[in-house]
Amino acid sequence: MSILFISDIHLCSDSPDVTDGFLYFLNYCAIRARALYILGDLFEVWLGDDDCKSLHINIAKALKRLNQKKISCYFIHGNRDFLLGKEYAKACGMTLLSSKQVLTLESGKKIVILHGDTLCSYDNSYRLFRKCFRHIVVQKLFLLLPLSVRLRIFSIIRSCCVRHKQCKSKKKLDINLRMATDILIKNHAEIMIHGHTHQPMIYKIFRSKKDILNIMVLGCWNKYGSMIEINEENDNIVFMEFPIYKTVRR
């Protein structure tokens, strides 16, 4: 059996092709796995579990079908859907995880998984924003507001973020490799899997000839989907990008 990792699908009503591609992925690829890990930003925006759009309902039904077929689904919050709560997760049959998890394969090999935004330590303004809006009190107060007010607040924040991002250097938008390496060493892990930056690649950190750390960055779903598959029988890892409108072939 295998474990699948995906991130940054950014589902929204404005991108029906991505939604169709993701549903196809769930029905014809994820269905063959033992577990699916969604590492954040499943949705472009999440204003609360009471935002009952047809898109949200359809995705919940599709994920629930996986759960009913004994395929475990896990979710780590991203920077766009960190308000996704227990109610919606239950509707999906999905288990909510903390912002960083360490998985241990049957072989004993350890893997660190996270969304990836916490690795962008060069971006001080985002770190401040995250610290504020991830505070439980701020979230509870925000969710008490009418949905229409939440939407207006989100639109203002998004406009500010777009302008701010245009002024950022590439370094500020990328991860801190030293921080990622330290996390791996601290957790006695060899592999890290994350998303967020939309820059799919594999960083290899050579500590010695036999001690090599791998930091694997998932891509954003647009014309192509991005996935990492780990075969539990032999620890073989496959990093693939695929047209979201076609069958994912092994």
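Glycine too: its Cβ is placed from the backbone N, Cα and C atoms.
All annotation found in TrEMBL is predicted automatically rather than curated by experts.
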Considering the Mn(2+) 2 binding residues Asp41, Asn79, His196 given in TrEMBL, which of His115, His135 is annotated for that site as well?
His115
Count the Cβ atoms, other than its own, that fall within 10 Å of the Cβ of Asp8 (Mn(2+) 1 binding site), considering every protein chain shown.
27
The one of Asp41, Asp123 whose CB sees the fewest other CB atoms within 10 Å, among these binding-site residues:
Asp123
Can you give me the same-chain residues 6 or more apart in sequence from Asn79 (Mn(2+) 2 binding site) with a CB-CB distance under 8 Å?
Gly40, Asp41, His115, Asp117, Arg130, His196
Could you pull the average pLDDT for the domain 'Calcineurin-like phosphoesterase' (1-200)?
93
